[in-house]
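As recorded in Swiss-Prot, the features of this protein are as follows:
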TOPO_DOM  22-238  topological domain 'Extracellular'
DOMAIN    42-102  domain 'Ig-like C2-type 1'
DOMAIN    137-200  domain 'Ig-like C2-type 2'
CARBOHYD  218  N-linked glycosylation site
COMPBIAS  355-366  compositional bias 'Polar residues'
């Protein structure tokens, strides 16, 4: 039984630990950007650092790229506004949390957050093959190209945070391009693309002109597209977190009620064991009462008064014979006590004299009923 309890507790702990890890961990905060981590040059972005452990003081630092003096170990309360951004702001950021009562103790670092600064190079061009309007189920390919020798292209869809990227490949017409296959089209959307260099991966060009992809035979032209595996993966990940947390909570509830049931059972067993000796004593007392006979002592009192009687004739005698009155008195029950030999002898003597007295009394009564001879 104890092994099952330990197993349930371990399963719940690891499930809950896995769920917490996806959201930033047990003792580290979660860092995010609003409205987006892709910021145009000269724009502003708000960095939010949140924690489940009640941290109210946060420290922000940059891991790579050019250091930003005003952000070096910056202390802030939950959020900080960064901007106007420059190429120096591009890079990877983390934050730490602390309590006001212990400002020198900091939590583990948060998840990494990449800030991308755009508008540093000329914009590329974006096109769709076979065209921007396709039928449902038809394969679509988006091509991002530029005459500049960029190393990487990034495809962005409106309303989606993750941007897939592909390396640039020289084409026959002297341009550098990357082809993004979307697969069978089911939904449309608005797309743009960016270009970047290897030595500055977080400094992007201006966005291309937006391209609207329409899918005929579907009423929702701006819904999710076939290039949404990342968003679906995010949904599955959050669903996994929700399921894991729910299972852990259910296991802890079951464990709580199981321990409560065991505690109540132990208390009931202890109460029954405490009552058993008292019950045995009651039964023994009743058995002793049943074994001891209820002794009742009767004392017969003779009310015959030996007085001088007058002999009368039989005709004057009462027709109803005299009735001897006997009175009984029940004495309280008492356990018989052992008598000493002297007491036993005295009791036997009293019984003998009592029998003699009773016999003498009966003889006298009988003689009083004998008819007298006529004179």
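Backbone N, Cα and C atoms are what each Cβ position is placed from, and that goes for glycine too.
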For the domain 'Ig-like C2-type 1' (42-102), the DSSP helix/strand/coil residue counts are 6 helix, 29 strand, 26 coil
Taking DSSP H, G, I as helix and E, B as strand, the domain 'Ig-like C2-type 2' (137-200) contains 0 helix, 38 strand, 26 coil
Averaging pLDDT over all residues of the domain 'Ig-like C2-type 1' (42-102) gives 89
